Amino acid sequence: MRPQNNENEMDFPTLEKRLSTVSEFSGFQPHPAVRPLEPNGALRDAANPSNGADDSASYPGPLALSLIVLGICLSVFIISLDRNIITTAIPEITADFRSHDAIGWYGSAYLLTASAFQPLYGRIYMAFTTKSTFLVALGVFQIGSVVVAACPSSDVLIVGRAIQGLGSAGLLTGSFVVATHSVRLQQRPILFAVVGILYGVGALCGPLLGGAMTDTIGWRWCFWINLPIGAVTFLTVLLCFKNKTQQFGVARPSFARRIVRLDWIGSCILLGAMAMLFLALQYSEERFAWSSARCIGLLSGFGATTVIFILWVTWRGETSLIPPRIVKQRTVAASCGAAFLIYGALLIHSYYLPVWFQAIKGTSAVTSGVNMIPYMAANAIFSLMAGIFVSKNGRFAPPSIVGCAIGTIGSGLLATMDENTPTSRWVGFQVLISAGLGMAIQQGFSAVQAMLPLEEVPIGTAAVVASQSLGGAIFVSVGNTLLQDHLLNENTAGTIPGVNVRAVFELGATQFRNVVPPESLPALVTLYNESLKGVFIAAVPLCGMAFVCSCFMEWKSIKRQEPSRNKDDGNEVV
């Protein structure tokens, strides 16, 4: 029998009245629970409400779709490439600029802006056309790439990385939004899987390309390479992707009103809070004690500003950067927490494993990139396998729980490595930990798809991406702080007679072997290894806490439960 008081039968006047606040702001689609059902009982596709036999005209044809897929895959590829290619180039960059103290900022500046502006992009994609927002974000990313590639100093490089992060904040979410409007609902999991593969390919190629370019044509080409790839993406999306027409007869406000109604105040508060946090982390790396007035003041300011941001979001409600009811949803909150912790552990490994290979094993930048292939390959393969599992089974919680458990074990094993560790062990440790994190890292996006109405998926996706970026930014800096605290500690640095450990540290991991006396080299390598162990150990509790967060995810399925129709009486069976 048909259930009584079915919300799906709500008339459009009532629908528009309920959604008046959010529709006035952005004009987005109504909640799936109040979208009309198709005759067969299936949810109507919000990207194309007709969803009937003649709906193919509203989607791109085979050639256009192929080019769009190429474009969004390349956009995800350059994001992943840019985040990973720098890992093997960092030692050469620090040696070039003699800026080893800034190693944390090369990653943190990028991730700071990426995390701070990600929630704003979620709103921008709802308020403005998908194509224009995506192309503007791509343009900003390309400008940042030029700044980094042509930088004359370490400070300019950090500014360029921040600009890149600002652009990348809109690219990843935008890629999923473009994909959503390019294929039918039933085909999107396949397209999302393809996009995920390209992200894994970028992660795999990044360290290898970074090492090869650094050792041959120079580290600056790690960023020049973004320009031709981004140009192809720009042209394919510009020429082939068409914005969906607005549905349900809800008129959007003018361009100026939409600009004004974006939560700029909330964005500024969030950026200020993040800036104070990262300054405190950076100052701690520069040998200011955590108990110093400077660090205490910045951390206090971060805490106070965070409270202000929470109050502001609560007061502004539905039109805030992230509506409170979304982050209060249990699975969304657990997904954001797990993403924050998992990506923090992942970035610790990605940034400091190449340093370990170059400092402890004495490899070149390109060889350290080759040595990272097991880590990146396992991450890509198991991420895809987990995606296939979720697509077939529908459950996103099991891969996240199991993956975090495996990642915790692998992180602990990684911290046992030393200069005598054989190849079989460091390869096996990399595969184990990366397989676990690869299984878990994408499940937050599946959870958002399952738990949020379609029109709010951009906000949920932005929240998960922001959590990932924030976790990476914080723990890359924390890793550098831990490295310096042990390596430059007076009680440890003074154990090597005749060696200025601080001067050696500032030379970078690739150069110190050339200036340290041979008789002092073994002791220095041992000290460096013990310092890096402390960094790797930090990833263990991160994976463990991510496991706890994953356990709080609801045991829900991403599959749509479609009511079947009784052929005898025509009634739907629910």
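Just so it is clear, glycine is given a Cβ too, placed from its N, Cα and C backbone atoms.
Taken straight from TrEMBL:
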DOMAIN    68-521  domain 'Major facilitator superfamily (MFS) profile'
REGION    26-54  region 'Disordered'
TRANSMEM  63-81  transmembrane segment
TRANSMEM  133-150  transmembrane segment
TRANSMEM  156-178  transmembrane segment
TRANSMEM  190-209  transmembrane segment
TRANSMEM  221-241  transmembrane segment
TRANSMEM  262-283  transmembrane segment
TRANSMEM  332-352  transmembrane segment
TRANSMEM  372-390  transmembrane segment
TRANSMEM  397-415  transmembrane segment
TRANSMEM  427-445  transmembrane segment
TRANSMEM  457-478  transmembrane segment
TRANSMEM  534-555  transmembrane segment
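The transmembrane segment (332-352) is not in contact with the transmembrane segment (156-178), judged by fewer than 3 CB-CB distances under 8 Å for residue pairs 6 or more apart in sequence. No contact links the transmembrane segment (397-415) to the transmembrane segment (133-150), because fewer than 3 Cβ pairs that are 6 or more residues apart lie under 8 A. Note: the stretches the transmembrane segment (63-81) and the transmembrane segment (156-178) are in contact (3+ CB pairs below 8 A, sequence gap of 6 or more).
The transmembrane segment (457-478) and the transmembrane segment (221-241) are not in contact, since fewer than 3 Cβ pairs between them lie under 8 Å (pairs 6 or more apart in sequence). Between the transmembrane segment (372-390) and the listed ranges 133-150, 156-178, 221-241, 427-445, 534-555, the one holding the most Cβ pairs under 8 Å is 427-445.
Sequence-distant neighbours of the transmembrane segment (221-241) (same chain, 6+ residues past either end, Cβ-Cβ under 8 Å): 60, 64-65, 67-68, 70-72, 74-75, 77-78, 81-82, 85-86, 89, 130-131, 134-135, 138-139, 141-142, 145-146, 148-149, 160, 178, 181-182, 209-210, 213-214.
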